[in-house]
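Here is the structure we will look at.
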Amino acid sequence: MSAILTPQSLPAVLIVLPVGGACVLLAIGRWLPRVAIDSIATAVALIGVFVAGVLVHVTAGDRVVTWSGGWQPRPGLTVGIVLVSDRAAAALALLIAALTVCALLFGWRYFDDVQAHYHALMLLFLSGMTGFVLTGDLFDMFVFFELMGAAAYALAALKIEEPESVQGGLTFAVINSLGGYLALVGIGLLYARTGQLGLPQLSVALAGQSSDILVRAAFVLIVTGWLVKAAAVPFHFWLADAHAVAPSPVCVLFSGTMAPLGVYAVARLYWTAFRSVVPEAAIHRTLLVIAVATAVVGASMCVTQRHIKRMLAYSTIAHIGLFLLGLAALNALGLAGSGVYLAGHAAIKGALFLLAGALLNRYRSLDEVSLYGQACDRRLNGALFVLGGLALAGLPPFGTGLGKSLVENAGGQAWLTALVIAVSAVTGGTVLRVALRVYFRIGPPPPERQTAGEVVTGRDEQPDERPPTKYTPLPILAAIILLLAGGLALGSVPRLARASGPAAASFADPGGYTAQALGAAAAPPAGGVPETTWEPTGLILGFVSAGAACVMAFLALYASRLPWLVRRPSTAMRPVVAALHRLHSGHIGDYTAWLAFGSAVLAGLLILG
């Protein structure tokens, strides 16, 4: 057994095990009782959590490099495909497996009409995301991009009897496939120029080629593909449509890991292979523009939604912008902040989507307006929803608050700090508004039509289970509490908080990554290890952000009773809000045009700028 589970075999086990589990379920699932299907899928994901946990422990000492088939590199020659697991990649693999377990717990007793197909797709999705994180080969990144994409498209359109579900899945598939095609073209250009596909080999081959316009064009194409997956503006249109129709546990993975993996991929590509090719000023400017646009558009759309899952989806887009802000700092502290923020956000957003799923299963609606006061008998769920909103706003000592503080410090500019606080307060305040309205009947009944341009309400949604449940099942409640506790632990357990510093330093050390992957000894990271613990300023700003979220929630709840002068700014913004809603038309052709426009902007910023 010890010979099988060597450190070098752990990454391969994490990728292959879910595929094997999916094949077993597809082969014999029709003859198995439902409890056996649930048990097998959950057990596979739990084993993944254990193996990923071991990998996290092993990578605390050094990177784990696995050459498939034992094709070890020789001086000047590499043939095999490499998996490179550093601390950040191993931690992401653990996060993906843990969220999959929570999503599968929600699925117990659900989706009776799809037999084992749902569980098999979830395991394939798990394998695709894990492989995308652990591979050190650019073409393999594309392969795993497609694997997780194919599974995700099917999961989004799982309710094939509903036209909206099919439309949302189709939009998701078309836009992401176009992004994948652009990435593949970029990979092909790189291979034509360098003859290499591995990230370590590309790092060596691209050294000193900063003036090569073809290489920089390839970088633009690949980054475009990854940013489509990240749902960064203007590539973000598909995300809310997919979340609105996907089952609630699937949304846990869409928002918690799938979209943030696009940010991870951009960071991995730049820091490992292209740091010497793309000028620092150009990549900083590009990431900053995209980050600000993503955060502002996401927050603006979030606050105007009444469909609860769409609201949470736009909140994810806003927070993707904040992750990109940390990446735009181009230092280890920014990477650490984005990493902590990403993990904390995944836990909190996962809990919120499960709570939304519980609402849907009980009341057959996700419309904030029609649900007014309907869930007053579920005060525990309401308290958890409020806690999730405060955590999303950055309340200390949640991991989201610590990550937000680190991103603010990495940016080092007052206006960036103000932007982070504003976006966190708006998204957190919107969640609080929903919780107080639905679970506690606070504020007057909301008007039927609140926001200009609003067209999607969330009424008459098809639930994830039948028949409705009077109480939230214990497995779902346990998953929600575990996710919130995990988000709290990331910011309050000193050992977990400090672990992000060495992980970021290792991530920002392309020389060490390349040297170890190619069989050489790696020197310690040159930049040092950033300090990733709470500072007094971060604590204060976290409480300010959470307080601002509470104020925004109460202003929204009692908007009809406010003086005209207080309501005037929101009234003046209605034309802008209406224009934003019109841009989110749901038409694939419109979204494709925005993808082309965004690609051109990226090219201008990175090549011509």
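Backbone N, Cα and C atoms are what each Cβ position is placed from, and that goes for glycine too.
The feature compositional bias 'Basic and acidic residues' is assigned by TrEMBL to 457-468.
For 136-423, the entry in TrEMBL reads domain 'NADH:quinone oxidoreductase/Mrp antiporter transmembrane'.
The feature region 'Disordered' is assigned by TrEMBL to 449-469.
The feature transmembrane segment is assigned by TrEMBL to 12-32 (among others).
What TrEMBL lists as transmembrane segment is 39-60 (among others).
Below 8 angstroms of C-beta separation, residues 10-12, 14-15, 38, 41-42, 45-46, 48-49, 51-53, 55-56, 58-60, 63-73, 119, 122-123, 125-126, 129-130, 133-137, 140, 198-200, 248-250, 252-253, 256-257, 261, 264, 335, 339, 343, 346, 350, 354, 357, 464, 475-476, 478-479, 482-483, 486, 499, 502-504, 506-507, 513, 516-517 of the same chain, each at least six residues beyond the ends of the transmembrane segment (80-106), sit close to that stretch. The transmembrane segment annotation in TrEMBL covers 80-106 (among others).
The transmembrane segment feature in TrEMBL is assigned to 118-135 (among others).
Among the features that TrEMBL reports, transmembrane segment is placed at 170-193 (among others).
Taken from TrEMBL, the feature transmembrane segment applies to 213-238 (among others). Beyond the transmembrane segment (213-238), the same-chain residues lying 6 or more positions past its ends with a Cβ under 8 Å from any Cβ of the stretch are 138, 142, 145, 149, 171-172, 175-176, 178-187, 189-190, 193-194, 206, 258-263, 265-266, 269, 274, 277-278, 290-291, 293-294, 297-298, 316-317, 320-321, 324, 584, 590-591, 594-595, 597-599, 601-603, 606-607.
The transmembrane segment annotation in TrEMBL covers 250-271 (among others).
Taken from TrEMBL, the feature transmembrane segment applies to 311-333 (among others). Residues 230-233, 236, 239-240, 242-244, 251, 255, 259-260, 262-263, 266-267, 280, 283-284, 287-288, 290-299, 301-302, 305, 341-342, 345, 349, 352-353, 356, 368, 392, 403-404, 406-407, 409-412, 416, 419-420, 423-424, 426-427, 430-431, 434, 501, 504-505, 507-508, 525, 527-530, 532 of the same chain, all 6+ positions outside the transmembrane segment (311-333), place their C-beta atoms under 8 angstroms from a C-beta of that stretch.
According to TrEMBL, the transmembrane segment annotation covers 414-436 (among others). For the transmembrane segment (414-436), same-chain residues at least 6 beyond its ends with a Cβ under 8 Å from one of its own Cβ atoms are 292, 295-296, 298-299, 302-303, 305, 308, 311-312, 315, 318-319, 321-322, 325, 352, 368, 382, 385-386, 388-395, 400, 404, 407-408, 442-443, 541, 544-546, 548-553, 556-557.
The annotation transmembrane segment is assigned in TrEMBL to 474-493 (among others).
The transmembrane segment feature in TrEMBL is assigned to 539-559 (among others). Tertiary neighbourhood of the transmembrane segment (539-559): same-chain residues 303, 389-390, 392-396, 401, 404-405, 408, 417, 420-422, 424-426, 428-430, 432-433, 436-437, 442-444, 566-567, 570, selected by CB-CB distance under 8 Å and a gap of 6+ residues from either end.
Summarising the annotation, TrEMBL assigns transmembrane segment to 591-608 (among others). Within the chain, the transmembrane segment (591-608) has long-range Cβ neighbours (under 8 A, six or more residues past its boundaries) at 171, 174-175, 178-179, 182, 213, 216-217, 219-221, 223-224, 227-228, 233-235, 237-238, 278, 282-283, 285-286, 289.
Within the same chain, the transmembrane segment (118-135) packs against the transmembrane segment (12-32): three or more Cβ pairs sit under 8 Å, each pair at least 6 residues apart. Residues 5, 7, 10-11, 13-14, 17-18, 20-21, 24-25, 32, 85-87, 89-91, 93-94, 96-98, 100-101, 104-105, 107-108, 119-120, 122-123, 126, 130, 499, 502 of the same chain, all 6+ positions outside the transmembrane segment (39-60), place their C-beta atoms under 8 angstroms from a C-beta of that stretch. Under 8 Å from some Cβ of the transmembrane segment (474-493) lie the Cβ atoms of residues 98-99, 101-103, 105-106, 108, 340, 343-344, 347-348, 350-351, 354-355, 357-358, 380, 384, 387-388, 391, 396-403, 534, all in the same chain and six or more residues away from its ends. Using a Cβ-Cβ cut-off under 8 Å and counting only residues 6 or more beyond its ends in the same chain, the transmembrane segment (12-32) has close neighbours at 5, 40-41, 44-45, 47-48, 51-52, 55, 66, 68, 83, 93, 97, 115-117, 119-121, 123-124, 126-127, 130-131, 134.
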